[in-house]
Amino acid sequence: MTTYDTQPSTLIRNAAAIMTGGRGTADDPSRVPGPDIRIVGDTIDAIGALAPRPGETIVDATDCVIYPAWVNTHHHLFQSLLKGEPAGLDATLTPWLAATPYRFRALFDERRFRLAARIGLIELARSGCATVADHNYVYYPGMPFDSSAILFEEAEKLGLRFVLLRGGATQTRQLEADLPTALRPETLDAYVADIERLAARYHDASPRAMRRVVMAPTTVLYSISPREMRETAAVARRLGLRMHSHLSETVGYQDSAYSMYGKSPVAFCGEHDWLGSDVWYAHLVKVDADEIALLAQTGTGVAHCPQSNGRLGSGICPVREMADAGVPVSIGVDGAASNEAADMISEVHMTWLAQRARLGMLAQPAYRGGSFEGGAGAASIAEVIHWGTAGGARVMGLDEVGKVAVGYAADIAVYRLDDPRYFGLHDPAIGPVASGGRPSVMALFSAGKRVVVDDLIEGVDIKELGGEARRVVRELLREVVV
């Protein structure tokens, strides 16, 4: 008896283009001709010109383009109810933290937290994202609900892969000093004990896991002590967990590292066991050439978050230089309180443009010694797709996720380019990244299951969800300390 006889089979037929998530090399192509893909169980079984088999489900992808489902490597889902908060709208990182996420965080009870998580996950799924890594730092001593369990539950309801980046802090900065008791730090023992609990309950080390747990102190430079950095790294590696945190999001990280430790943030992390192929950092906007070389040498990855970095005015991560040096690159949406377009299509569109603009800013006229006109070669569409799919899977160790290739997990986004913004494209394959906006998701498959059908998710009433969100925002505005 064949696998086909025992597992459900789906044939996606007649796609206009198939992007693979590959690097664009001869042995790792960025696109394949197809035009068909067969899914058997949770696996991509075949790609090519395929004949239907008796009894299998047929999905007509005529005029559609197919991508690997996006892999989002850094988010803060609880912030889905903090979009466009006026006090932080025009603030840089530090005053924004005090004005928005820290000011409102204590108001998130179980109901509000669950709603925020649901909104964020649905927003991501409807952009073609099937793997979400959430850097959750809503934890405090005596907390009356389990925020980690809620995140896993909501992701499972939608059929998405979920990686919990278990944040937290054992010490606070001055900006947190006068905030509510729900922002109290944890002890290191309590933090480690919860990591061990979560790992035992949820962590799956397999290469296409639906659930993972990651050791992720909120900010290694500020949230834990140098001694605790080494201790948390040792615990993570003992448990077989990866490691993640924020780093070098602004110049403030450089100032702090040099003033406190006399070295760069990346070098400091290296001296405290927080570099390696099992580590990736969000942002890394402000890094120098020596730091990039150290990241590459150790295999430490980056979650590039261009929209949040732009919204907060932090700068643009030097992704081109990182990729050229061999740093593993991925893409993250970051929290919606600093990125109101909290979906992966918006993020990859911005990645494509921002990297080109950054390189173009370095161009000089010939009389000043300039040798190039602009930065259009800084990021190709194929590279951006790779960073947002296979690149993300790589930094999280999901080795059978993130590519449209035979034998990989069947995480597939099928986009219908039926909006005028896509009309006139000479190469429809580039539409979702190059044209921006949110294309209609005709189908999103996660582990072989169709979780989005023509932009709809079974059991989700978007109108009702929007009404509930507006009610909770009004509640938050009434209760927050001005």
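A Cβ is built for glycine as well, from the same backbone N, Cα and C atoms used for every other residue.
Swiss-Prot has this to say about the protein:
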BINDING   His74, His76, His246, His283, Asp334  Zn(2+) binding site
BINDING   Gln79, Glu249, His283  substrate binding site
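The DSSP secondary structure for Gln79 (substrate binding site) is helix. Within the same chain, residues at least 6 positions away in sequence whose Cβ sits under 8 Å from that of His74 (Zn(2+) binding site) are Ala133, His135, Leu165, His244, Ala282, Ala303, Cys305, Gly332, Val333, Asp334. According to its DSSP assignment, His246 (Zn(2+) binding site) is in a strand. Rounded to a whole number, the distance between the Cα atoms of Glu249 (substrate binding site) and His76 (Zn(2+) binding site) is 15 Å.
Cα separation, Gln79 (substrate binding site) to His246 (Zn(2+) binding site), rounded: 16 Å. Secondary structure from DSSP puts Asp334 (Zn(2+) binding site) in coil. Residue with the densest Cβ environment among the binding-site residues Glu249, Asp334: Asp334, by other Cβ atoms within 10 Å. The substrate site in the record is lined by Gln79, Glu249, His283, and its two most distant CA atoms lie 18 Å apart. In the structure shown, across all protein chains, His76 is the one of the binding-site residues His76, His246 with the greatest number of other Cβ atoms within 10 Å. Counting only the Cα atoms, the space from Glu249 (substrate binding site) to His283 (Zn(2+) binding site) is about 5 angstrom. The Cβ neighbour count for His283 (Zn(2+) binding site), using a 10 Å radius over every protein chain in view, is 28. Apart from the site residues His74, His76, His246, His283, Asp334, the chain places the Cβ of His75, His135, Glu249, Ala282, Ala303, Cys305, Ser308, Gly332, Gly335 no farther than 8 Å from the centroid of the site's Cβ atoms, the recorded Zn(2+) location.
The Cβ centroid of Gln79, Glu249, His283 marks the substrate site; residues of that chain outside this set whose Cβ lies within 8 Å of it are His74, His76, Leu93, His246, Ala282, Cys305, Ser308, Asn309, Leu312, Ser314, Asp334, Gly335, Ser338, given in sequence order.
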